[in-house]
2 protein chains.
Amino acid sequence: MKACIRNQQTLETCYQINAGRLENNLKSLAVFGANQETGGIDRPFGSEADLNAREFLQALWEKEIGISTRMDAIANMWAVLSGCESLPPIVLGSHHDTVPNGGAYDGALGVLLATEVLQTVKENGISLRHPLTVVSFAGEEPNPYGLSTLGSKTISGKLGKDILIKVVSKIDQSSLQAAVAKAGGDLEMVEEDRLRPGEISAFLECHIEQGRRLFDKQLALGIVTHITGIYREKITITGEANHAGTTVMSDRRDALMAASAFSLEFEEYVKQCNSEDVVGTIGSLEVFPNAANIVPGEVELILEFRTSQTAVSKQFIRELDRIAEQIEKQRKVVIRREVILDQAAVAMDRQIIDVLNKSLRKLEEPCVSLVSMAGHDAAHMVNFTKTGMLFVQSINGKSHCPEEKTDMRDIIKAGNALLQAVLILDKELN
Amino acid sequence: MKACIRNQQTLETCYQINAGRLENNLKSLAVFGANQETGGIDRPFGSEADLNAREFLQALWEKEIGISTRMDAIANMWAVLSGCESLPPIVLGSHHDTVPNGGAYDGALGVLLATEVLQTVKENGISLRHPLTVVSFAGEEPNPYGLSTLGSKTISGKLGKDILIKVVSKIDQSSLQAAVAKAGGDLEMVEEDRLRPGEISAFLECHIEQGRRLFDKQLALGIVTHITGIYREKITITGEANHAGTTVMSDRRDALMAASAFSLEFEEYVKQCNSEDVVGTIGSLEVFPNAANIVPGEVELILEFRTSQTAVSKQFIRELDRIAEQIEKQRKVVIRREVILDQAAVAMDRQIIDVLNKSLRKLEEPCVSLVSMAGHDAAHMVNFTKTGMLFVQSINGKSHCPEEKTDMRDIIKAGNALLQAVLILDKELN
């Protein structure tokens, strides 16, 4: 540390995260849920892989770094490095679960970067005024319990015990309560264990971009200004199951053909919005009874629409009504729709955005501001604390797939930027 | 039987099946696989319900009627009433398995009508020259092993041991060999246990129509002239799985949207053929990874096309090539196609058709000739014996669903027609 005695400014800037250690932790965490066949990772909330990843993180925090950890009622994991003043903590983190056949960086990178920053602060004996906390949220990704951003939604009061207690897995009907208990939580306590405003000084989440914008601009980092709104409907199309040979075409009420027509109408509408900030997807679809020689009687699908523009979102829902009505008439089917997610777009905190800009200037790292088209736990933290997000480049913009990758050089830049942001926030915040 | 002594003609005509007994047997068999929730029946080949149904049939034949039964290598069930001359048997029957959430008549009716005819012959002491045999074929319907008309295809030599031995359940990867063994068969013996030409004098299958033609004409019975050809492809559409929020619409290679476009093009073509003898269906479709926030990377579907006209079938396959090529270009996906069934249309035996006409005239029952748009075990028997089919009206043309129903009055007519046909065939055939 000889070179670091001239002034506080240089002193702070020269603190560096430990790249090798971080890289090893990324490799170690990627083992849990690794699918040898696909090369992807299957680590949904409640799975064996999730439980093993939790054990790994707890051991890393408690044994390796030597800080105290806490599991809250919904099984979010917290690790705290105490500060020298009695102030609410600065929290860094993300989630450690993955989508089916997902990658090694979505969520995991944010948790391990936060961990690395904390470990760097601790081993350099940097004394912060605020406690520095790492969080790994439970079930951020869609999971068999049908609740994404489960952990942050619950502590922010958007999911209550009354709802959670009734939730079961669509795979084996096992209860969410049992899964949460296995992970170390307790659904009975979620109401008591909610976040209170002021309980946290700031929340900062680092995450891979999962899009091509940074990659196409060849930038390592981006500062998030907004998180997109996400709207999801579960749509059930009911026609009539009948024999595939003896039912003439004109007599059919084919639920799958109706779903196909519905899907293309929906896609057509989304495309003509012609904006990078408007996307729509039908990612999940099931056919009943799903036999080769039976005209499908029912189709259940999940439709999703994303935009950060409220007006566009309102118009979209009116459009969906029109499409549903039209398909019902044309195809002699009944369409039931249920809104299963309606998450408004949110703005990141102005001060956090400024602090991130200062950090990047300090590191002489160019960056860009952008809207996050993916939902994140950060979206649920905005009501309780100053919240911000830092994006790291995704190679080829790929994510939620085995090819998901972020360059280690960019990861190091993100880690040091996060460290600088913590040091500045620690001074600025009270 | 006092009224029955004038002449052989009257004597034979006055033989009547026992309606009450038949109705009870129909009710008893319908219990196996009954789904309380849907009101339908789940009795696929190899299921617990299939095994229970087999026990019931064996007990009915051996204990109740007192005739010897035999299980062949592929687990088709045979029950034989010996004749007074050493001639090959006249065989009546169908199958006892069902589609998922199917009805109580498809297959089961044919087996129990055959049983009732045999029991009527036996208890009236009618001495036939030919042995009279009842058969219940194994796995006629699509099943987890992906082989419909399993039993008749195998004994007719269309499925060999080399293929069968490799087949596993798509549900739990258990082997077909194990399922056949559980049912009382032995895959090791299928080659030895094949049908040989001349081994059977005639095969007559009674089955519900499963369409609206008899119902719309208010006829109880129909005589089948042809069985439709059935062509099936397993089609795999591969696009690219990616994040549903961060992948802009123009960058997507969405396998489900491609499948939707493919489905509608296919439906459009089938509709414009504009013939009751041409139908096409996509009954089974699966999406991967099937998560709400992932653009679908792959879709696997089963497409089916039916017609009794060979020329139409040839033209259809050319059309399918065109559609696949077009969708691949438009949607930047790769489409793999595999023919999993290519069953040519078959004609029923002229003599059997005549005998059925004679029987119905005897009973003064009006009827109509029609093409069967459903595949049947009978289609595989034509190469080995004189084969015919009798259709019974399906109320509202419904089948392969819980609403599948046939009026008991029509069932009685079918039973007596079948009985008369046996008596005539016994005289005519050598």
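Cβ atoms are placed via backbone N, Cα and C, with glycine included.
For B:His95, B:Asp106, B:His207, the entry in TrEMBL reads Zn(2+) 1 binding site. The feature Zn(2+) 2 binding site is assigned by TrEMBL to B:Asp106, B:Glu141, B:His400. Marked as domain 'Peptidase M20 dimerisation' by TrEMBL: B:229-330. Feature annotation from TrEMBL assigns allantoate binding site to B:Arg232, B:Asn293, B:Arg306.
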Under 8 Å by Cβ from B:Asn293 (allantoate binding site), same chain, sequence gap 6 or more: B:His243, B:Ala244, B:Gly245
Cβ-based isolation winner (fewest other Cβ atoms within 10 Å) among the binding-site residues B:His95, B:His207, B:Arg232, B:Arg306, B:His400: B:Arg232
Assigned conformation of B:His400 (Zn(2+) 2 binding site) - DSSP reduced to three states: coil
Other CB atoms within 10 A, centred on B:Asp106 (Zn(2+) 1 binding site): 28
Counts by DSSP class (helix H/G/I, strand E/B, coil) across the domain 'Peptidase M20 dimerisation' (B:229-330): 43 helix, 34 strand, 25 coil
Cα distance (Å, whole number) from B:Glu141 (Zn(2+) 2 binding site) to B:Arg306 (allantoate binding site): 16
For B:Arg232 (allantoate binding site), the one of B:His95, B:Asp106, B:Glu141, B:His207, B:His400 that lies nearest, given that the binding-site residues are compared by Cα: B:Glu141
B:His207 (Zn(2+) 1 binding site) - helix vs strand vs coil (DSSP): strand
Top Cα neighbour of B:His400 (Zn(2+) 2 binding site) in the set of binding-site residues B:His95, B:Asp106, B:His207: B:Asp106
Spatial separation of B:Glu141 (Zn(2+) 2 binding site) from B:His207 (Zn(2+) 1 binding site) - C-alpha basis, Å: 13
Intermolecular Cβ proximity, binding-site residues B:His95, B:His207, B:Asn293, B:His400 versus chain A, under 8 Å: B:Asn293, B:His400
Pairwise Cα distance for B:His95 (Zn(2+) 1 binding site)/B:Glu141 (Zn(2+) 2 binding site) [Å, integer]: 9
Number of Cβ atoms other than its own within 10 Å, given for B:Glu141 (Zn(2+) 2 binding site): 24
Other residues, Cβ within 8 Å of B:His95, B:Asp106, B:His207 Cβ centroid (Zn(2+) 1 site): B:Ser94, B:Tyr105, B:Gly107, B:Ala108, B:Leu109, B:Gly110, B:Glu140, B:Glu205, B:Ile208, B:His376
